[in-house]
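S.K.: The structure follows.
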């Protein structure tokens, strides 16, 4: 059996604790634990958000796996965040080592050393357009040898892909997405025509059918979306043998679960929609028709796996993988920074524990021994002098002597002290008990004065620093709201507003968020 899994990991350095517990993501075993718990022969990751200059050895070299990364060469096209890069990565067990590997769909970055080939007719693209489409690191191909139950060996090509997101405010990104879709289809069909089985797996960033979207009825022209039309031409429905839009590939999940509702793979983190499973299905495992019908045994989702806004998807094939004897040249273990040919500067700064070297006596001439003894005596003599120099002289006063009472007053006998007048016997002194009682009464009278002063101070500062006003209550549940900020460009950009704090869900679910909305007053 061959098990393949795809997961939009939303940053390979951040979500590893979703499976690896509290273990830091830079731990040498964190990624290994994630891969082992996914329990797949081939794991395809999307949205790694890592470039080659920041890729660390624990993420690149995992024991028992050979890995392949596609890095973004231009960060400007990443619509989600310009400072990050999309990127994809494929991890293959040593028992599923590919025979060839290639970065990109167009062949622009082909190295002619272990490439896959079969690019199809790309005359509709200019060379510069092909370079731009592959510059964001959104596709990586691995080719494997598989053996069927009948013992026949065949070729299987996996296309790990992260398709672009079409931002409504950026029409140029929709054009980029559709051109990327077109290039993907040309390459996949060219490989299929060359005799290889093909699997396209990853984040396609399109919910194909209304059943794949939580609220398709509220979207205008759902069926007319360009991305959905493209998928109509790429895929064929299960059981359809003829028709105007019979594609070469099949959605493996819908082949096994054609009517399963609420089978989503992506949720909004901000609205907490995953709590009520209010999302969409954007991640797929697509296979050519004969492969899905003849060799696919199952197709599944793993919504229980946390750590990203997506969940893993996968499939099981009734074939075995024939590993290559050597990894392709694009394997990360062959990169100079990980192959041992280039040492990192940190290795030179690691402190080394050295055993103390025991001095062994060396025979020296007698005149040298005496010459060494003489300076040692002088050194001892100088240290003794230095110690005696610190002792104060007898006539020198220390600093503490100035803080002692002077002895001159006791020696002067000419000074006469004034005599105090005798106390009259009629005036009786207060006893110690009376003095104590008077002190207690006096302190009790001060307590209310201090208490009143403290209350006045507290009231004053409360009026000056009133703090945040209490959150308003939502209309549907009468619960405290949550404050949000408008991030969409427009006249209200940056304004604060209140909305229901419950997670987003179906409108018919009373436990989901209500439609309460209130603008925050400017402070």
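Every residue gets a Cβ built from N, Cα and C, even glycine.
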S.K.: Of the ranges 330-360, 361-391, 392-422, which one does TrEMBL list as region 'Disordered'?
M.R.: 361-391
S.K.: List the residues in the vicinity of the Mg(2+) 1 site, defined as same-chain residues other than 8, 47, 203, 205, 310 with C-beta within 8 angstroms of the site's C-beta centre.
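M.R.: Output for this site, in sequence order: 10, 46, 162, 202, 266, 282, 283.
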S.K.: Do me a favour and check the Cα-Cα span between residue 205 (Mg(2+) 1 binding site) and residue 162 (active site); whole Å is fine.
M.R.: 8
S.K.: Just checking, which of 8, 205 (binding-site residues) has the fewest C-beta atoms within 10 Å of its C-beta?
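M.R.: Looking at the binding-site residues 8, 205, the Cβ with the fewest others within 10 Å is that of 205.
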S.K.: In Å, rounded, how far does the Cα of residue 310 (Mg(2+) 1 binding site) sit from the Cα of residue 162 (active site)?
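M.R.: Rounded to a whole number, the Cα-Cα distance is 13 Å.
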S.K.: Restricting to the same chain and to sequence separations of six or more, state which residues have a Cβ under 8 Å from that of residue 162 (active site).
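M.R.: Result: 8, 46, 47, 86, 87, 88, 138, 139, 202, 203.
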